[in-house]
Amino acid sequence: MMIEAMMMEPLAANGSCSNGSLLSISCLSHQVVCQVVRSADLTDSGHDNGTGDTSWVTRLESNYGFYIGLGLAVFSSFLIGSSVILKKKGLLRLVEKGGTRAGDGGHGYLKDWLWWSGLLTMGGGEAANFAAYAFAPATIVTPLGALSVLISAILSSYLLGERLNLLGKLGCLLSLVGSTVMVIHAPEEEEVTTLDEMLFKLKEPGFLAYAAVLLAVCFLLILYFAPRYGRTNILIYLTICSVIGAFSVSSVKGLGIAIKGFFAGQPVLQHPLTWILVITLVASITTQINYLNKSLDIFNTSLVFPIYYVLFTTIVITTSIILFKEWVAMTVVDIIGTVCGFLTIILGVFLLHAFKDMDVNLGNLPQVLQSEQEAPVPRDDKSILIEVDNSSIAPEDKPKELA
């Protein structure tokens, strides 16, 4: 229909278009009266045509945020796993050149570009892992850290000549299966998107009580148990690292939200929570590194990593449940699937580390099983003594059985 005439005349007393004013729009025999409720700035972004500066970012995050976080988590694991190989190659080249080993106090590796490339690769992996928490739930990002161990084990077998036995390969397969199951059943929607929402979550009584319990346990372990039993019990130092990890992951999650808000033009630098999260992150990471190094210096690495992974991931997932409530919208099937996937990853990591020194492959598997079956059964001293006494009796002196 063609509009031949249109007239707009303000009906307000002052004849302006301010808030509350009435406007009459006439077209032939029709007339409509409209009221101005707010002033609109035509220069604002976010129009329907999608030409705003941040509208495409918002749409991208809302539609593909989970997959972006998932991709960053997997990419982070690949970089971190590869960085271990690069740094190891640099250290081995130092030994081949006759330099002082790093374990003996040498620092010749600082002149090797391969070692520096490994360090930069690890930094890139940690940055990608940091960004992953801003897009995906902590429930999925943290367990996927086990993929870095899998990648490191596979690359070391090809690039460093280290053997990956049958149980190690089975552990890698289980880790992949568990990670896939967790990705399928993990929550995809984010519950916290701004610093104000994060602050509201942190003030909830349930999380405050949980944080108070964690702090009490941490101080008790640091002040009482660590000085007395830290060098003899592997769980002391690793439990401290894991408990502190709940605060470091929560801080990383909050800072990821702050970084997204910063690029969206929000005044996050003026928000006090941003600086509180920065201080908490620095303090928690420093404490974790300190006690993790103590644990690695005293105990076997093949025991330290699986135990640390299980404790750390369990506490982080518990923190995610209480703080971010990422599991509220999940069905019972998804919850069971996520738990089963996590347990499968634990089993895979255990097989990968606990039996890495065993010579087990498909070729010698029958011999290994047969040798286990033919192993002599241990007997106590009493049985051996009775056998010796019976053998010392002459056949004619032994009691005869009655027919």
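Glycine is treated like the rest: Cβ placed from N, Cα and C.
Taken from TrEMBL, the feature transmembrane segment covers 64-86, 140-160, 167-187, 207-227, 234-252, 272-291, 303-323, 335-355.
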For the transmembrane segment (167-187), distant same-chain residues with Cβ under 8 A (at least six beyond the ends): 70, 137, 139-140, 143-144, 146-147, 149-150, 153-154, 326-327, 329-330, 333-338, 340-353, 355-356, 358, 360
For the transmembrane segment (335-355), distant same-chain residues with Cβ under 8 A (at least six beyond the ends): 139, 143, 146, 149-150, 153, 165, 167-168, 170-182, 184-186, 301-303, 305-306, 309-310, 313, 317, 327
Recorded stretches the transmembrane segment (303-323) and the transmembrane segment (140-160) touching, at least 3 CB pairs under 8 Å: yes
Top partner of the transmembrane segment (140-160) among 64-86, 207-227, 234-252, 272-291 - counted as Cβ pairs under 8 Å: 64-86
For the transmembrane segment (272-291), distant same-chain residues with Cβ under 8 A (at least six beyond the ends): 195, 198-199, 202, 226, 237-238, 240-241, 244-245, 247-248, 250-252, 254-255, 258
Other parts of the chain folded back onto the transmembrane segment (207-227), taken as Cβ under 8 Å at six or more residues beyond its ends: 201, 233, 236-237, 239-240, 243-244, 246-247, 291, 315, 319, 322-323
